[in-house]
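A.B. asks: So that we are looking at the same thing, I have put the structure below in structure tokens.
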Amino acid sequence: MGCFTFIKVMMILFNLAIFLSGGTLLGVGIWVKVDGESFLKIFGTLSSSILQVVNVAYLLIVIGAILLVIGFLGCYGAQKESKCLLMMFFSVVLIIFIAEVAAAVVALVFTGLAETLLTGLVTPLLKEKYGADDAFTQIWNITMTEVHCCGLNNYTDFNNSYYFDTHHGYPEQCCDTQEPCNSTVAAEMAVQGCFKQILEEIRTNAGVAGGVAAGIAALEIAAMAVSMYLYCRLDEK
């Protein structure tokens, strides 16, 4: 039983770390949602990723909640030697693993579809909130300045928007800081949209991203294998 006890303890410690990480992410997500401006003052200038294009608060809350559930099932299931909880842990991790593989395939094969979906979700938010919501505007200003991009696709994302109607022009990033930033200057400068720029950065760092993804996948497979090992050994006790 020495091997069983060692693996059980490692399972508990590993999932305790996941549980604590999930709690941290959940707390940060709630902080960003409740007081996004103070979060941006501390971390805004350090980030230029796709997380600034979507609502990072909801993303952190969802990821944190999922990690909390996984950590609890794995830690408590191993501690109490509960076959039910271990099987639930295995099932949840398996579902997440399958979803990640499916998302990777879709991202690689259907990049155009991903762009269409993002355009349908993000562009209406840009038209409605940019210039009206201070936190949202600051996030996009940081993104467009650091990534050297304009809107999600290009300057036309701001047509008929709150910002365009109130400022009678486009954000200065769309004209490479030249003013006034009207449709003529924006068309001449042809600043790329943030989606294309971020996609190029991802492709440039594909090796690192692939390594991280492979590492996460390996951890998930190891977690499923350990949980199934404990589950099977409980029948022998």
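The backbone N, Cα and C atoms fix where each Cβ goes, and this holds for glycine too.
Per TrEMBL, disulfide bond is recorded for Cys149-Cys194, Cys150-Cys175. Under the heading transmembrane segment, TrEMBL lists 12-32, 52-73, 85-110, 208-232.
Buried or exposed, and what's around them? Tell me for each listed feature.
C.D. replies: Note on Cys194 (disulfide bond): other Cβ atoms within 10 Å of its Cβ, all shown chains, come to 27.
Counted within 10 Å of its Cβ, the other Cβ atoms near Cys150 (disulfide bond) come to 29, all protein chains included.
Beyond the transmembrane segment (12-32), the same-chain residues lying 6 or more positions past its ends with a Cβ under 8 Å from any Cβ of the stretch are 38-39, 56-75, 78-79, 89, 223.
Residues 15, 66, 69-70, 73-74, 76-78, 213, 216-217, 220-221, 223-224, 227-228, 230-231, 234 of the same chain sit 6 or more residues outside the transmembrane segment (85-110) yet have a Cβ under 8 Å from a Cβ within it.
Packing against the transmembrane segment (208-232) from elsewhere in the chain are residues 4, 7-8, 10-11, 14, 74, 77-78, 81, 83, 86-87, 89-90, 93-94, 96-97, 100-101, 104, 202: each is 6 or more residues past its ends and has a CB under 8 Å from a CB in it.
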A.B. asks: Near the Cβ of Cys149 (disulfide bond), how many other Cβ atoms are there if near means within 10 Å?
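C.D. replies: I count 25 other Cβ atoms within 10 Å of it.
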A.B. asks: From the Cα of Cys149 (disulfide bond) across to the Cα of Cys175 (disulfide bond), what is the distance in angstrom?
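C.D. replies: Computed Cα spacing between Cys175 (disulfide bond) and Cys149 (disulfide bond) is 10 Å.
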A.B. asks: Using C-alpha atoms only, work out the spacing between Cys194 (disulfide bond) and Cys150 (disulfide bond) and round it to an integer in Å.
C.D. replies: 6
